[in-house]
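Here's the structure, in structure tokens; my notes come after.
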Amino acid sequence: MEWSLAEDDALAYSPLFLPNFRPFPMRVYLTGFMASGKSTVGPEAAARLGQPFLDLDRLITAHAGRSIPALFAEEGEARFRELERDLLRRTATTDDLVVALGGGALLDDANRAFAKEHGLVLYLEAPVDTLLGRVTGDDTRRPLLEDDTGTRLPRDEQRTRIEAMLDERRPAYEAAHHTLDADRPVEEVVGRIVEVVTAQAEPA
């Protein structure tokens, strides 16, 4: 199945445009741990920048025809990562795009190199307490915080797992072009994203 911006319902289009210029072709990739706010601030930042927004995990579920937990359970993480790699590379066919990446997407060296070569990578950084509060405050299925039966782990075990995964992933996240404080109100994080992107896009 061919992928395009016009056809995929995982994309949200932005009605607003910067008043004085269009940035040179730029893809913005938002990375960070689960619950760092990528899918929350991404659409608002895209609207401010006049760019489409794409949530890579939602695109994966659209192509797989099932939820990510179901994909993990039925076909395994390897299949999920295969789709993730393929769909990430297809983003290079579209200019001026804000993409929220899955929390583990840039652990793959090739994915990380691709995103840095083809766009501006922004790491949304938040402390463990903030991440834990966010994941325990919603009912989103998060396979990495569940036991083998699909039951959410107790809070203390979730903290331990988040700390361990953050330690493992931090070098990949910190390879981003910029690190932004995501432990702030949404509007502040959005504003900071817009500042960084427009500063990068303006001609020297």
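Note: Cβ is positioned from N, Cα and C throughout, glycine not excepted.
What Swiss-Prot records for ALA35, SER36, GLY37, LYS38, SER39, THR40, ARG142 is ATP binding site, and it gives sequence analysis as the kind of evidence. For SER36 (ATP binding site), the number of other Cβ atoms no farther than 10 Å from its own Cβ, over all displayed protein chains, is 25.
The feature Mg(2+) binding site is assigned by Swiss-Prot to SER39. Following the DSSP three-state reduction, the secondary structure of SER39 (ATP binding site) is helix.
Taking a C-beta cut-off of under 8 angstroms and a sequence separation of 6 or more, ARG169 (substrate binding site) has the following same-chain neighbours: PHE33, GLY103, GLY104, LEU107. The substrate binding site annotation in Swiss-Prot covers ASP57, ARG81, GLY103, ARG169.
A distance of 12 Å separates the Cα atom of ARG142 (ATP binding site) from that of ASP57 (substrate binding site). Taking the mean position of the Cβ atoms of ALA35, SER36, GLY37, LYS38, SER39, THR40, ARG142 as the ATP site, the remaining same-chain residues with a Cβ inside 8 Å of that point are GLY32, PHE33, MET34, ALA100, LEU124, ARG134. Sequence-distant neighbours of GLY37 (ATP binding site): residues of the same chain at least 6 apart with a C-beta under 8 Å from its C-beta are LEU124, ALA126, ALA182, VAL186, VAL189. Taking each Cβ in turn and tallying the other Cβ atoms within 10 Å, the top scorer among the binding-site residues LYS38, ARG81, ARG142 is LYS38.
In sequence order, ALA126, THR130, LEU131, ARG134, VAL135 are the residues of the chain that are 6 or more apart from ALA35 (ATP binding site) and have a CB within less than 8 Å of its CB.
Taking only the Cα positions, the spacing between THR40 (ATP binding site) and ASP57 (substrate binding site) is 13 angstrom.
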